[in-house]
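Student: Sharing a structure with you now.
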Amino acid sequence: MNRTTLILFFIILSNTITVIHGYVRGCYYTNWAQYRDGEGKFLPGNIPNGLCTHILYAFAKVDELGDSKPFEWNDEDTEWSKGMYSAVTKLRETNPGLKVLLSYGGYNFGSAIFTGIAKSAQKTERFIKSAIAFLRKNNFDGFDLDWEYPVGVAEEHAKLVEAMKTAFVEEAKTSGKQRLLLTAAVSAGKGTIDGSYNVESLGKNFDLLFLMSYDLHGSWEKNVDLHGKLHPTKGEVSGIGIFNTEFAADYWASKGMPKEKIIIGIPMYAQGWTLDNPSETAIGAAASRPSSASKTNPAGGTASYWEICKYLKEGGKETVHQEGVGAYMVKGDQWYGYDNEETIRIKMKWLKEKGYGGAFIWALDFDDFTGKSCGKGPYPLLNAISSELEGESENPEITTEEPSITETEAYETDETEETSETEAYDTDETEETSETEATTYDTDETEGQECPERDGLFPHPTDCHLFIQCANNIAYVMQCPATTFFNDAIKVCDHMTNAPDTCI
């Protein structure tokens, strides 16, 4: 398709019109960012107008029976106030064409409940019916599945997704409404991809695939690296040649996912380390500890982009890595890897050349959303994405025309009540801010390890906090994040509350 030609296809399906638009610009909104103090506090009113084609509201949850539930006390409307669901979906009134999806799950939610649903026909049916009712009740345009990860249950996962798509189509026919969109956030790790996804089946049923091409490196490793880099780099120690955006996207495409459905993930935050030797700063430099606490992550190890801008003003030195396409900043013994405007523009040009469907960000509250930290106006990173992708139509994405919505009141921001469930979730978020790749990596101990099978994830023989990722019979010893262990039954790094007594 010629880049200068705008083609509109009108498909009559279920009494609705489906229109093909340009590149996707997806934006995750996190419902726990409301609890940050001061300049980090983020509410629906902070969401920009016109920069996102899709807003993904993170997160909702589901119980063991399969029933949909809100995560926060103020997600839904009450008799006395409008909730954050309404505040976010209301943005469509001033942004025609915007789609707002509800994202279910997330890293902290885990895999067990989704697995139980997928393995039970009765629970699957209940889950789908509940989800449709919940989405319609709260005026969402679709469902985003953030199941991290369906390792070992790829076929059950695929059948669940197929059943959801079928039900969404049938519901649109009977209701006369536009079909609910069905999307997913998925792993960029080869081992997880191989063990979790029937890609050919998913390619037929997902409307969009949000590739979490970040957190490929982090402070769980003992060497610094760019966690969302585009290409492999010299000096990389773990995931050599495969822990990069290009490999992950191309691998999904090679396994049968249509390129126009693959949406490239761009982090709005940095992964950080404390250098062992501040004079050694190149990729691969030794760093045995996470970076210091930040305002967005008191546990350390990450920092938002707006915090990076402040560190730069305080004397940090930024280097753009041309080979890998990523940036890093060094300030004393603190090392942070991230994307800036320059590297994002390179990534956008790359994805257009490769034929991918667009980009998405994790997350809105990590960009300089106030414009006060970087001195470049609000949302410098998201604006870089939007300016490169807006108006393009090389790889269109299919959505349906806007439904009618009921007039709602403005979101009320003076609520102060907070439940114990919210407090627990917010604490979890400080441990893992990116809601993405559950497995994390350390390849210092690969020597001498053998692969039981050509590809897959396997327990470490002596340490429950490690596991072995095999790719083409090459063994990589990986390390789970702090306070987790490798659960071989579900093939993920799981919370220690589920660990056997022998795992200390």
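Even glycines carry a Cβ here, placed using N, Cα and C.
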Student: Just confirming the record: what cysteine out of Cys464, Cys493 does Swiss-Prot connect to Cys480 via a disulfide?
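Tutor: Within the candidate set Cys464, Cys493, Swiss-Prot assigns the bond with Cys480 to Cys493.
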Student: Could you pull the disulfide partner of Cys52 out of Cys27, Cys309, going by Swiss-Prot?
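Tutor: Cross-referencing Swiss-Prot, the cysteine bonded to Cys52 turns out to be Cys27.
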Student: At a 10 Å cut-off from the C-beta of Asp215 (chitin binding site), count the other C-beta atoms across all protein chains.
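Tutor: Other Cβ atoms found within 10 Å: 30.
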Student: When you measure from the Cβ of Gly105 (chitin binding site), how many other Cβ atoms are you left with inside 10 Å?
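Tutor: By my count, 23.
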Student: Fill in the CA-CA distance, Gly105 (chitin binding site) to Cys493 (disulfide bond), as an integer in Å.
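Tutor: That comes out at 16 Å between the alpha carbons.
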Student: Sorry to bug you, but what's the C-alpha spacing from Cys52 (disulfide bond) to Ser213 (chitin binding site), rounded to the closest Å?
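Tutor: On Cα coordinates alone, these residues lie 19 Å apart.
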Student: Please report the three-state DSSP label of Cys480 (disulfide bond).
Tutor: coil
Student: Can you check which residue among the binding-site residues Tyr107, Tyr149 has the largest number of Cβ atoms within 10 Å of its own?
Tutor: Tyr149
Student: Would you count the other CB atoms within 10 A of the CB of Thr78 (chitin binding site), including those on all shown protein chains?
Tutor: 11
